[in-house]
Amino acid sequence: MVQLQVFISGLLLLLPGAVASYTVVQGHSVTLPCIYSTTYRDEMVPTCWGRGECRSSYCTRSLIWTNGYKVTYQRSNRYQLKGNISEGNVSLTIENTVVSDSGPYCCIAEIPGAFYFVDYLLEVKAELPTSPPTRPTNTGRPTTTRPTNTGRPTTTRPTNTGRPTTTERPTTTGRPTTTERPTTTGRPTTISTRSTHVPTSTRVSTSTPPTPEQTQTHRSEATTYYPDQTTAEVTEAPSHTPTDWNNTATSSDDSWNSDTEAIPPQKLQRNPTKGFYVGMSFAALLLLLLASTVAITRYMVMRKNSGSLRFVAFPVSKIGASQNKVVEQARIEDEVYIIEDSPYFEEES
């Protein structure tokens, strides 16, 4: 009878339960139940919780293990067994759930002679917002600010305060220029002169050239000529005045008034040909100096060598001369002996 009950209880443990589903909001706790029968309390019943289905994983991704009395392995503090383990209550409590906790879970109890397992499917949803989302208020078309193109870019040049930009110099003639020449005629001579007036209307144009200018002032006077033709000199007084980097042109409406004209400075033009000729002349001078040095050095060396040759040739010539004298004396003696050996030479001749 007892064996029959054990057999029936084993069959009941082998029957798998239906897969239950649980849904929880993120941040809350959830409990997955797992309770097995403790008919035989004398033997230990190890249990485990893991991720995945029981038939395929068998607690390979273990979360927690027990030996039937206490927890022997715990993957994280979020996984708790709050039931009475010795009474067969190994329900799993997951605290502070997150979205990644979603998925299948498996509980296995290793009962002697049989296995008990149960599968669960957990779904963790994201936390719902407490207030509805606010939609942005569309007040019309978006306003796009485009940069205003005012034409060419404005370049600010630094103002040089060292030199004045405008200088006005009024031309003032204090006394009229009058030249009188005495004449020896009976008739009266009348000389009419007109003084130089200061210009009433002055137009001043200013500019900033890089070089100083030369201002020539022409002052002309008219003289009325009478029969005796007394001439009045027309004086031209050029004035060379340095300017402060300004061209001043003064004109007047009166033709008899003084006219001051500004002669624009002529820019110095660089002549590249002149520099080329100067360079060629300098190069030719260097070559000539080098050739002279070589010639002088060679002449001194040759002169030194020729002096040593003369010094060697002098004793040689003396030795040769002495040898020639010895040979001549020997020849003379031979001739004398020949004459003595032939006493009949004079008679036969």
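Think of each number as a place in line: the chain as shown, counted from 1.
A Cβ is built for glycine as well, from the same backbone N, Cα and C atoms used for every other residue.
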Disulfide-bonded cysteine for C48 as listed in Swiss-Prot, from C34, C59: C59
Recorded disulfide partner - C106, candidates C34, C54, source Swiss-Prot: C54
Which same-chain residues, if any, lie at least 6 apart from C59 (disulfide bond) yet have Cβ under 8 Å of it: C48, W49, G50, W65, C106, I108
Cα-proximity to C54 (disulfide bond), 10 Å cut-off, over recorded positions C34, N84, N89, C107: C107
Those residues of the chain, 6+ apart, with a Cβ under 8 Å from that of C107 (disulfide bond): L32, C34, T47, C48, W49, C54, V90, L92, F117, V118, Y120
Cβ neighbour count (within 10 Å, all chains shown) around N89 (N-linked glycosylation site): 15
Which of C34, C54, N84, C106, all recorded positions, has a Cβ with the fewest other Cβ atoms inside 10 Å: N84
Cβ-Cβ neighbours of C48 (disulfide bond) (radius 10 Å): 23
